[in-house]
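Features of the protein shown, as given by TrEMBL:
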- 1-17: compositional bias 'Pro residues' (COMPBIAS)
- 1-26: region 'Disordered' (REGION)
- 36-91: domain 'PAS' (DOMAIN)
- 141-188: domain 'PAS' (DOMAIN)
- 382-452: domain 'PAS' (DOMAIN)
- 583-635: domain 'PAC' (DOMAIN)
- 667-799: domain 'GGDEF' (DOMAIN)
- 808-1063: domain 'EAL' (DOMAIN)
Amino acid sequence: MSAPRPAPAPTAPPAPADPSGALDAPAAHRPGGVAVLVADAAGVVLQVGGAAESLLGLPAVELVGRRVTDLLVADDGAALAAAVVAVLGGEADARVTASVRDEMGLPRPLEASLCLIDGDPDLLVVTLAPDPGQPHLHVGVDPARTLITITDAAATVVHVSRGATALLGWTPSEVAVRGAPGVIHPDDLAHFTSVGTELRAEPGAVRSARVRALTADGGTRWVRAMGMNLLQDPGVGGLVTCITDATDEVRDELRAAAADLEVAGALGEATLRATPDGMVSFASEGGARALGHRPEAVLATRLGGRLDPEDDGELSRALAAVAAEPRLRRTIDVRLPTDHRGDRRLRIEVEGPGEGVEGPDLMVHLTDVTEKVQATEAVRASERRFRTLVQSATDILAVVDADLRVRWVSPVVTTVLGYPPEALVDLPATSFLHPDDAERVATEAARLADEPHPDPLAHVRARARHADGGWRHMSLSGTDLTSDPDVGGLLITARDVTVEVEAERGRERLAQVLQASTDLVAIAHRGTDLIDLNRAGCRVLGLGDGEEAPAISLEALAARTPPWVQRRFLAEVVPTLESSGIWEGELAVHDRDGDVVPVSVVVIALRDRDGAIETLACWARDISDRKAFEDQLEHQATHDPLTGLPNRTLLLDRLRVAVGRAQRQSTLTAVLFLDLDNFKLINDSLGHSAGDVLLVEVARRIEGAVRPGDTVARFGGDEFAVLCEDLSDRVEAVAIATRIEEAVGHALEIEGTEVMVTVSIGVASSDGDHDAESLVRDSDAAMYQAKARGRSRTEVFDRDMHVQAVDRLELETALRRAVDRHEMRVAYQPQYDLRTGRLDGVEALVRWEHPERGILLPGEFLHIAEETGLIVAIGNWITSAACRATARLHDLAPDASDIVVSVNLSARQLASPRLIDDVAAIVAAADLPPGALVLELTETVLMDVDASGEALTRLHQLGVGIAVDDFGTGWSSLRYLRDFPVDILKVDRTFVAGLGQDPEDEAIVAAVIDLAHALGLKAVAEGVEDETRLARLRALGCDSAQGWLLGRPMAEADLIDLVLAQSPPPDA
C-alpha cells in the first residue's frame, strides 16, 4: 500500500516589524483573546501581537527575548519543544495542548499552533488560544504518545521512551529487541532504512519519513519518524528518532485528496500490468493519466521508454527481480519528463501478480510524489540553513550538566575563544573562567538546577580565558533544559562583550578624566534643559560646593554668562556648529563673586544618525592669567620699560590716528622731538644707574609740562617725543616746548650730585597734509637744527629745513648705493719721519665721486653714514682698499716695506661685533702684515669704555696699530692712554696751527709730544702747512708729520710714483 500524498503546507503570516501590535491580523483572521508570537529556530520570541500581553500576563517588552517554552508550564514545555523540532523538520504545522499559570497560580489550558513563515523557513509563528476547541484540534505532538529512540554507531537501539506503549502497544524493551524490522511495515522498511542510512552519513543532519508501523495487536498505524544525527555529540552519541502518530495526518490528506476528483482518480486507479521486460499489458485510467496519456496510448508500449535512461535501467532491474521472486516488492523513485510542467516525480512499486492471478505479468502501482520530493528537498534546505545559522552565529551555545561539565559546545567557540569544541567536552565550565568569576557563575547555575521553576540565567558577566592566554569578557545567559530529552542539561549562551566592556570602561575613564580636569566641561543633550557639569565647572561658576558635579539648568548657566556672550552664542556659535560642527573662540563667564572670567572655549556638536545635532560638548579654560600676561606683553611691546612711557611704535600708531583726525576735522597736530644736550657726559661721569634715574625724572617733568591728553613717548636713549592734538596754531606748540624746557632745566640731585640738564626741541606741525612718519622726520630735523644752533633751544621746522631734509634724504639714498656702484675713492696723504725725511706712512682718506655733485669730502657725507649705520660697510671697503694698495706698494718698492697705512675707525665700527673678524679677513685677503695697518680713533670714541676696551685689546693682539686722532680736543683722560693699547698720538691741527705764533698752543704741542714719549708712544703732527710749523715740530722732537706742505692727498698711482722716487721733503 502506497503512502497518501501530503497536504500542502499552510501559509503563515509574514513577520511584522513592531513587537507589540504589528502582529495583529485583520479581524476576519484573528479570534478574540488569541496571542500571536514570532520566534526564531531556537524558540526565542522576536515579536508579539494579539492578546499576548493579557493572555501571558507580561508586557510585550518582557516577552521579547524569552523562549516560548519558558512561558509554559514545565511539563508542557517539552511537548512544545518537540513540536518546534517537528515543524523545523518539515511538518507543515503542529498543534499541542499546553498550559500557562494564571494570576492564582493555576494552570490555564491553551491550544498552541505552530507553522513556518513563508519566505523565511527559520521563523516560526506560534498562536496560543485559551480554548482548545474541538477534539480534532488535539492532534500533533503528545509527549505521552511519542516514541523516542536512540541508536548507537553500531545500529544498536540503546534507549526507548515510555511513549512506545501508548503509541504502538509494545513495551520499550520489546521495541529495543524487535528493532526497525519488527516495528516498521515490511513495505515501508526499505524506505525507512534508506532514510536512516542517509541520516547516518551526515553528522548533525535531520531527516523525516512517514511510514506504517506494526502495532502489538497485529494492526498498522501511520507514524511520522523525525531523526537527528547526534553520533558525534559526546552528550548523546547516537541517532535520535522521535516517532509520533500520523494517522490523523494521513486521514486529513486522504479527505483532501478525495475532494479533488482528478487527483483522486490518479491516485485510486494508478495501476498497470507489465511483462517482466516492461511491456504494458493493462493500464487503468488513473495509471495512464499518471503517465500523461490515455490508456490506449499506453498499451503495448515499453514502460521504461517514457523515463530517463538511468531510471529505465533501474526499472528494468526491479521488474526482473520481482519476476524472479514474486514475493518481493520493489519501490523506486523516477523522473517522468513532461513537455510543459518540467519533470514529475513518480514512485513505482512493483509486486508479483498476486494470489489467484494467472500469468507472468507484474502489478505496477504509480504514485505522483512530486510534491513530497519537493517538500523533502525543502526540509533538507532548512536543515542546511539551520547548520549554517549555528556555525555562523557569533554567540557560543553550550550544554552543561548539573556538575557544570561541558557536554556539547557549538563550533563558534573556536572563533571566539580559540578552542576546538572537542577540547572542552567533559571539562568543568568553570575551569576556563576567571577565578574571581567562577564561583558566581556556579552559584547562578546551581540556582537554575535547584529551583522548581527558575527564571532564566540573565546576562551574568564573566571572564573566559582565551586559548592565547588572554581574557575575554562574556555575557552568559542560560535555561534549564535538563528535562528535555533532546538537551538534557543547562543550555548556556555566551556572547563575547569584550569590546562593549572596554568601551564602557573607556567611557568611565573618560568621565573620570573629565571630572578630574581643571577645565570646565559641560555637556548638553537634546530634549532636556539640564546640562552636565564637571567639578571644575562648578568651581569656576561658583555652583555647588565644587566637590559634587550636579546637572544644572540652562537657565542657571545663562545667569552665569554676560549678556554679550549670550548674544554672541546665538548669533555666531550656533550657526557655526550647525554648519561645521565645531566652534573655537573666547567668551566669558561670571564667577561666584560676579567678576568676569575670560575663558577659551571649544564647542563640538555631536549628531545622530539623521544628521541632527543631538549633543553639545563644551570645554572652557580660565585664561585670566594668560590675558593678564598678554596685556603685559602688549604693554611691554608698546611702552618703554624704564620710564613706562609709550614707545616709538605706540606713538606712531597714535600719530597716524591723529593725522587722519586732523585731516577730517581741519585741526592742527604737532610733534615735539626732544634730545637731552649733555646726557652722555652725565651718564659717563656718574654711571648708567644715575643716567636711568635722570631719564625717569626727565620723563616725569615732561609729562607735568604738557597738556592733558598729549602723548609723551620715549624714542630711545635720551630722545623723547610729544604728540599734541587739536592745537590752535604753531604758537601753542612752541609754548608747550617752552614749558618743557623750563621744567627740564631745573637742577636735580642724583646720588648726592647736583645736575643741570638742558634739552633741544624740534617742532613740526600738520593739519593733515603730512603722514606720521613725515612729521617725526621733520621734528627730528628741527631738533638737530636746534643743536646746531647752540643747543638748549627750540626750533620750528620750516621750508629751509625741509629743503635740507630732502637734500639729506637724497644724499642718504645715494649713499646706500655708492659702494655697490663703485663711487667711493681713496686718497692717500703722505706722512714723513721728521728725523730721516723718509716717507714712513700714509693716511687713507675717503672721497665720494657723486655722479651729480662731483667729489664729496668726508665731512659732507660721513656723518650720514655714521647715523644710518652705513659707516660699517663703507669703513670695511676703505680698509680693504687701503690694505690692498699698501700691499701693492710693498711689492713694487721692497725698501719701502716699513710704510704703514692709517685708516679712521668710527664709533659704529668699533661697536660692531664683527670688527675683529672683518679686520683679520681684510689683512689676510690683501696679504698685508697686520702691523702695516694703523686704525685711528678719536678721543670721543676712545672714551666709550664699554665699546672700546675689549675690541682694542683684541685688535692689538691681532698686531694692528692703534692711534688716537685729534688728541687734545676732547674730554680725554690720561687713564685711557694708560689702560688701552695705544701706539700713536696724533696732535690736532688746531694746536699745530699756533706754532710760532701762540705760546699756549706751542706749550700744548710740546706737552703732547712729551706725554707720548713718556708713555712710549709715537707722536705725529697733523696740519703742517708752512716751514715755520715744520721747524718748530722738529725742534720739539715730534716723530712724524703730515700736511699740505709735505704732501696733499693723492691717488694710489701718484703715491706709487712718489715712493719710487723717494723725493725727500723740503729742507729734509
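Backbone N, Cα and C atoms are what each Cβ position is placed from, and that goes for glycine too.
TrEMBL: automatically predicted annotations, no manual curation.
Mean predicted confidence for the domain 'GGDEF' (667-799): the pLDDT average there is 91. For the domain 'GGDEF' (667-799), residue counts in helix, strand and coil come to 60 helix, 41 strand, 32 coil, using DSSP. Remark: secondary structure over the domain 'PAS' (141-188) totals 24 helix, 10 strand, 14 coil, with classes taken from DSSP. Taking DSSP states H, G and I as helix and E and B as strand, the domain 'PAC' (583-635) has 12 helix, 30 strand, 11 coil. Shown for the domain 'PAS' (36-91): DSSP residue counts in helix, strand and coil, namely 27 helix, 12 strand, 17 coil.
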